[in-house]
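Chemist: Before I ask anything, here is the structure I am working with.
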């Protein structure tokens, strides 16, 4: 093949590759970060810090309760109730929005994390799922703290900073969903079991807080 044909072939391939990227770019939902998203990023960072501090304190205080990540039985209270991990995939990896949409209830979105008129469906779905996660954990932690306050040993309580951080991020998201409010699990008042359950929940919630913080960082940089 002559040099001219080689040059034309390379130029054609480069052009086709460029057009393919442009087509892909047009097919992706647009997400524009605004001041509200930056505020939510700050709240998610505060939440991750508060959860990490609370978990560290629990591991130190409950050192004889098998409270390390290697010792506990991992449990996700949001399993089969929310789809945060799937809904919060980066937009370029989310290939089937309709499958995710089918798993959600209708939503009324008033959150200041959203940029009016510029937020994709996938972003809204992700943030609403995060809100539902926070709501479930908040209910569980409040019920658990009520039990811990009845413990004669007064050994450990939940850090108010963590509960406040959850509330602040929920307020920033400000989703009003039609889902039925979650009820805390009703168990026998066994303080040993409650403390073990606290460790399990804190480990699970910290993992979820990492996911939330990473997603807020991603949306803020979009």
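Think of each number as a place in line: the chain as shown, counted from 1.
Just so you know, glycine gets a Cβ as well, placed from its N, Cα and C.
Annotated signal peptide per Swiss-Prot: 1-25, in sequence order. If you look up Swiss-Prot, you'll see 40-113, 67-199, 88-126 marked as disulfide bond. Summarising the annotation, Swiss-Prot assigns N-linked glycosylation site to 42, 96.
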Chemist: Find, for the listed disulfide-bonded residues 40, 67, 113, the residue with the lowest Cβ contact count at a 10 Å cut-off, counting only other Cβ atoms.
Modeler: 67
Chemist: Under 8 Å Cβ-Cβ from residue 88 (disulfide bond), six or more apart in the same chain: what's there?
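Modeler: Result: 126, 129, 130, 211, 215.
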Chemist: Could you check the disulfide-bonded residues 126, 199 and say which one's CB has the most other CB atoms within 10 Å?
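Modeler: When each Cβ's neighbours within 10 Å are tallied, 126 tops the list.
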Chemist: Work out how many Å separate residue 42 (N-linked glycosylation site) and residue 67 (disulfide bond) at their Cα atoms, rounded off.
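Modeler: Rounded to a whole number, the Cα-Cα distance is 28 Å.
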Chemist: Cα distance, residue 113 (disulfide bond) to residue 199 (disulfide bond), nearest Å?
Modeler: 30
Chemist: What does the structure give for the C-alpha distance between residue 67 (disulfide bond) and residue 113 (disulfide bond)? Integer Å is fine.
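Modeler: So the Cα of residue 113 (disulfide bond) lies 34 Å away from that of residue 67 (disulfide bond).
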Chemist: When a 10 Å sphere is centred on the Cβ of residue 42 (N-linked glycosylation site), how many other Cβ atoms does it contain?
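Modeler: I count 15 other Cβ atoms within 10 Å of it.
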